[in-house]
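Here you go, one structure.
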Amino acid sequence: MTATRGLEGVVASETSISSIIDDTLTYVGYNIDDLADHASFEEVIYLLWHLKLPNQQELDELKQQLIENMELPQGVIDAFKLYSLQNVHPMAALRTAVSQLGLYDDEADIMEKEANYRKAIRLQAKIPTIVAAFARIRKGLDPVSPRKDLGLAANFLYMLKGKEPDDIEVEAFNKALVLHADHELNASTFTARVCVATLSDIYSGITAAIGALKGPLHGGANEQVMKMLTEIGSADRIEDYLHEKFRNKEKIMGFGHRVYRKGDPRAKHLKKMSEKLTKLTGQPYYYDMSVKIEQIVTSEKGIPANVDFYSASVYHSLGIDHDLFTPIFAVSRVSGWLAHILEQYSNNRIIRPRAEYVGPGMQTYVKIEDR
Ligand SMILES: CC(=O)SCCNC(=O)CCNC(=O)[C@H](O)C(C)(C)COP(=O)(O)OP(=O)(O)OC[C@H]1O[C@@H](n2cnc3c(N)ncnc32)[C@H](O)[C@@H]1OP(=O)(O)O
Ligand SMILES: O=C([O-])CC(=O)C(=O)O
């Protein structure tokens, strides 16, 4: 038995939800480029969960179900108010709140298909509300209730800021949600599948997935990209900054990918948005700096930008706090996690690989008083 480091190249599951073949990403066979340009996030949720695009009636029904389930149990809001939140990372708050949500759901441990679908709706609907409520409560502001007349993208920005977003903001945020929704067997999705393959419940699966997304090698990279842009500060400092990182063999956040070789097809959409939004908000230097960083990392290291790189300047331009970038990733990716969890349940076998043992050979036990 020989271990494959990081399970590289190992095919651990079948899926009908998304595919990455020759650097092309599809959701259920639809190219991500088409979905990014045309689809609403709700359409994508339907696609991932039902493996077909909805007709108008099906879409309206899903939107209605989501809107009806966006409010949080008062206990989740009260719990946020209990803690001193200044030093709590919003991903930790989200992880805890999702686990807590399970305590309020009478169907949490009911494993029938219909009950699992109802829980999927509840989680998809409530996660944006959790992120927005946390962001406000930690600033001493009251949470804003969702509006029945807004879609998920607009509602999230509305609940976060307390004012209705304009069309450009909604379009950009919707596109970001579409682009982040699913990505085959990435680390957090795999985590979710491993968890529920023991026939544990959906809340446990999503809580585990949030924990995996939080890390800076995965979803946490988008916050780190913004930290890098802020640290660099101006375009004339980029070369020195990067060369020092290269010398120290440090990773440049927002670059590299386990699967893509030529580049991440989502990055170009975010790059375009970054150019537009940074100009509109009077901060074009964030886009210009990002382009220069990309040029140097790709030409000197041959490593292309991934989805996290330009999403940082996009979210910053939307006026979103930097430590909310990864929770926003979760607002979108929960759709994919839920799709994979439902798929796992539908054809389950426990996921239990082997390990190559590299420790000492057989040893003789020595009693503690003789050691
Ligand atoms: C949504 C997402 O999760 S997208 C990924 C988000 N993560 C990041 O942006 C963090 C930065 N990137 C990375 O850490 C990695 O590229 C990962 C985690 C995405 C992929 O990791 P792996 O597939 O294990 O690649 P690995 O780390 O082995 O890299 C291969 C080589 O490229 C180098 N490399 C990979 N990414 C980077 C990077 N961002 N900066 C500098 N060098 C890099 C590695 O140092 C390694 O070089 P070596 O062979 O000389 O040791
Ligand atoms: O697939 C991966 O390894 C990481 C990624 O890009 C994602 O989860 O969107």
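Placement of Cβ uses the backbone N, Cα and C atoms for every residue, glycine included.
Per TrEMBL, active site is recorded for H257, D308.
Show me how these features fit into the structure around them.
Annotation for H257 (active site): same-chain Cβ neighbours under 8 Å, separated by at least 6 residues, are D264, P304, N306.
D308 (active site) has a Cβ environment of 29 other Cβ atoms inside 10 Å.
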DSSP three-state call for D308 (active site): helix, strand or coil?
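Where D308 (active site) sits, the three-state DSSP reduction gives helix.
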